[in-house]
Amino acid sequence: MEAITPSRMRAVDINCAYLGMSPLQLMENAGAGIAREISSQTRSATVLFVAGRGNNGGDAFVAARHLSLIPGFRVRLLLLGSASLIRTAEARTNFDLLRYSGVDDVKEIRDSADLRSYPGWKDADIIVDGVLGSGMKGLPREPESSAIDLINAADAFVISIDSPSGFDAGTGSVEKCVRADLTLTFHKMKAGLALPSSKALTGEVRVLGIGVCRDAEEFVGPGDLRNLTVRSNSAHKGNSGSILVIGGGPYSGAPAFAALAALRAGADLVTLAVPGSISGTIAGYSPDLIVAGGLHGDRLCPEHVPFIRRLISSSDVVIIGPGLGRDGATLEAIGQILPLCRKAVIDADALYQLPLPLPDGGEYILTPHGGEFFRLRGNRPGITPSLQEKKELVRSFSLDSHAVTVLKGSIDIISDGEETRFNRTGNAGMTVGGTGDVLAGVVGALFATNSAFDAASCGCFINGAAGDLAFGEKGYGLLASDVIQNIPYVMKQEW
Ligand SMILES: NC(=O)C1=CN([C@@H]2O[C@H](COP(=O)(O)OP(=O)(O)OC[C@H]3O[C@@H](n4cnc5c(N)ncnc54)[C@H](O)[C@@H]3O)[C@@H](O)[C@H]2O)[C@@H](O)CC1
Ligand SMILES: [K+]
C-alpha cells in the first residue's frame with residue numbers, strides 16, 4: 001500500500017486549495033467519513049469527542065455533528081481550551097455549527113484540573129481522539145498531555161482521527177501517545193502508521209478517502225514549493241548556492257538567460273564560463289553576471305577543461321549546455337566535464353550525443369524538449385504517445401540514465417525513475433527563444449539546496465507560472481527576459 005509523508009500530505013492539501021477545493025470541503029469529507037465508520041461499527045453508543053484547537057479538532061466537530069443526526073447515538077464534545085483559540089477558519093466554522101446541532105453537550109475545558117473532573121469520561125462507550133494530528137510539533141504540552149492520559153485511562157473503545165495524538169506519523173516516534181483501538185487516517189496511509197511497531201498505538205488502521213482531486217498529487221503545485229529549502233535569514237554569501245554556467249559560443253544570449261534566471265531564482269553567485277569571443281558581450285548584458293575569463297577561442301574545447309575543473313570545484317551546481325553549439329571539440333569537452341560535476345543540469349546542446357548512462361558519482365538533471373528526448377532515447381515513437389505513455393517513457397529513461405529527466409512540453413513530465421510528476425503552468429507564448437535556458441537556470445538554482453527531483457519539478461512550476469505572469473502582461477509579445485523578471489513574484493507569492 002502506497003504511503004505518504006505528512007509534509008507531502010500538507011503539500012497536497014495546499015494543492016487542493018490551488019485547484020479550487022476549500023479546506024472546508026476536505027474537513028467535511030473527513031468528519032463525515034469518521035461518523036460513517038462509527039455508525040457502521042455499532043448501532044448505538046455514547047460517544048465522547050475530545051477535540052484540539054487545530055484541524056484535527058475540526059474533523060471532530062464535523063464528525064460530532066454528523067453522528068448526532070443518527071438515532072441511537074448520544075454525542076458529547078470536549079474542546080481543549082476556549083473556542084476563541086481555535087486556529088483555523090474552517091475549524092471555527094464547524095465549531096460554531098455545533099450549537100445548531102444535536103450534540104448533547106459541548107464543553108470548553110479551561111485547564112487540566114477542569115479536564116480531570118469532567119464526568120463524561122466514565123460513561124463513554126467510544127472516545128474519538130481529535131486532539132492532535134499532523135500539526136503536532138514537539139512533545140504534547142498541557143492540556144493535550146493530560147487529555148492523552150485520560151483517554152488511555154478511560155474504559156472505552158478509542159478511535160483516533162488521522163493518527164493517534166502524540167504520534168509522529170512521519171517517523172513513528174512517540175513519547176506520550178494515545179493507544180487507539182482504531183485509527184482512521186485520510187486520503188492515503190501515512191508512512192509512520194504503516195510500521196509494524198506502531199500497531200500497539202494505532203490499533204487497526206483504515207484509510208478514508210476525502211475527495212482529494214487526483215491532480216493535487218500528480219501535478220506540481222504551490223504546496224510543493226512550500227517544501228523547498230529556502231534561504232535562511234542567517235544565510236551568508238554562498239549559502240544559497242553558487243552556480244557555474246558553462247555555455248555560449250555560437251550564441252551568447254542563452255548562457256546569459258540561464259545565469260540571470262538562476263540569480264532571480266535565489267542563487268547567490270552565478271559565474272559564467274564562456275568562450276572569450278563572447279565574454280565581453282555577456283559581461284555587457286548585466287553587472288550581475290560574473291564572467292570567468294580564460295576560455296580563449298570561440299567555442300568550448302578540451303583544452304579549457306583544466307581551467308573549468310577549478311571553477312567546478314568552487315560551485316554547488318553546474319548548468320551546462322545553453323548556447324554551446326555542437327562542434328565535435330565542444331562535445332568532447334562536455335564528455336570530459338560531466339564526470340567532474342557533483343550536481344549538474346544538462347540542457348540544450350549538451351544533450352546532443354550525451355554519453356549514457358551518466359557517471360555514477362554525480363547527480364544530474366536533464367531538461368530535453370520532445371525532439372531532444374526522443375533522440376536521446378534513440379527512437380521516435382511511430383504515433384504520438386499519450387500523456388500516460390510518455391510518463392512511462394520518461395520514468396524508464398530516467399531509471400536507465402541515472403538522472404532526473406524533465407520532458408518539457410505543454411505539460412512537463414518530471415521523473416527520477418521512481419516518482420513522476422506533471423506540470424501544467426506555462427503557455428504557448430513561451431515558445432519564444434530562451435525560455436528553455438530560463439528553466440535550466442531556475443532548476444540549477446533550486447538544485448543547490450534541494451533534491452534533484454524537487455528542484456526539477458518545482459523549477460518547472462515556477463518557470464511556467466512566471467511565464468503565465470509575463471503572458472498576462474505582454475501576451476504573445478513576451479520575451480524570455482520577461483519570464484526572468486517574474487520569477488521572484490512567483491517564488492514569494494503566498495498561494
Ligand atoms: N488534507 C489534509 O491534510 C486534511 C487534514 N485534516 C486534518 O487536519 C489535521 C492537521 O491539522 P493542523 O495542521 O491544524 O494541526 P493539528 O490539529 O494536528 O494540531 C495543531 C493544533 O495542536 C496544537 N499543538 C501543536 N503541537 C502541539 C503540542 N506538542 N502540544 C500541544 N498542542 C500542540 C497547535 O497549537 C494547534 O492548535 C490532520 O491531522 C487532519 O486531521 C482534515 O481537515 C482533512 C484534510
Ligand atoms: K488524533
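The count begins at 1 with the first shown residue.
Cβ atoms here come from the backbone N, Cα and C positions, even for glycine.
On a predicted model such as this, the values are computed, not experimentally measured, just so you know.
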TrEMBL has Asn56, Ser165 down as binding K(+); which of Asp129, Asp149, Asp181 does it also list for that site?
Asp129
Which binding-site residues from the set Gly58, Lys137, Gly436 come near ligand 2, judged by a Cβ under 6 Å from any of its atoms?
none
Checking the binding-site residues Asn55, Asn56, Gly436: which ones have Cβ within under 6 Å of ligand 1?
Asn55, Asn56
Lys137 ((6S)-NADPHX binding site) to Gly436 (AMP binding site): how many Å between their Cα atoms?
41
Going by DSSP, give the three-state secondary structure for Asp129 (K(+) binding site).
strand
Of the binding-site residues Asp129, Ser165, Gly436, which sits closest to Gly58 ((6S)-NADPHX binding site) by Cα distance?
Asp129
Excluding Asn56, Asp129, Ser165 themselves, which residues in that chain have a Cβ inside 8 Å of the centre of the Cβ atoms defining the K(+) site?
Val50, Gly52, Gly57, Ala60, Gly130, Val131, Leu132, Gly133, Ser160, Ile161, Asp162, Ser163, Pro164, Val178
